[in-house]
């Protein structure tokens, strides 16, 4: 869509049928109402931290009022381009170099707002502004590259240290859990072993008590003394087969070959014990039993003295 301004009358000619007076009226300005794209030339700008940049951009605008665009400014495109360059330098002076790269969107929006405020009286509206290229000095570029590499090495070192830390923590946690499980297993093993030993002791005690009861019942029967004498004789012979196997010190009776005498002494001691009075009962011991016990004690004393002298 085109809009024409007629010279002389200052009238605005729109599309359709328009009447011009020859000699007095003629077409002076032709304005396009389409969106216009303008390349902003490259320019130098200094940032807040005193770094010189070479920057260019692209400007998108539209003529909203053809009359103001024709009679409000001599060259609207040139005016908007110069306004964009000065606004760009002004906005860059407020930012440091790092923020220029991080805040390009906000920088574009600030430039558009500044251009619209100034170009409102020209009948022009800036739709958007885009920064094309930002060129930094070679030394600054090298410094930025070194900074990026240092930052990457720092992140790599931090990640490696965190990995080492996590690994050490995992190993420590594993050892801790292993020790806890081992101690619990040892505790359970000791408890089970103690319970087993207690059960074994109790079973042995019950078996021994039952054996004693059976033996006592057998001794009270007919020929019980003879059976006891036979058992003592067997144990006596078995004991002689094990002499000097566990220790060099041997305790022998005066007549080790006389099994009958040894059995008689053992049965005499057994008879003296079985005939011992109960607690609170009158003390009455036969002379024969006393003599047997005394003779047994005397023979044991003689054997001990002989062992000591040897």
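Quick reminder: no glycine exception, Cβ is built from N, Cα and C everywhere.
Remember, predicted model here, so these are calculated numbers, not experimental data.
TrEMBL lists region 'Disordered' at one of the ranges 243-276, 277-310, namely 277-310. Mean pLDDT, taken over the domain 'Band 7' (1-148), works out to 80 on the 0 to 100 scale.
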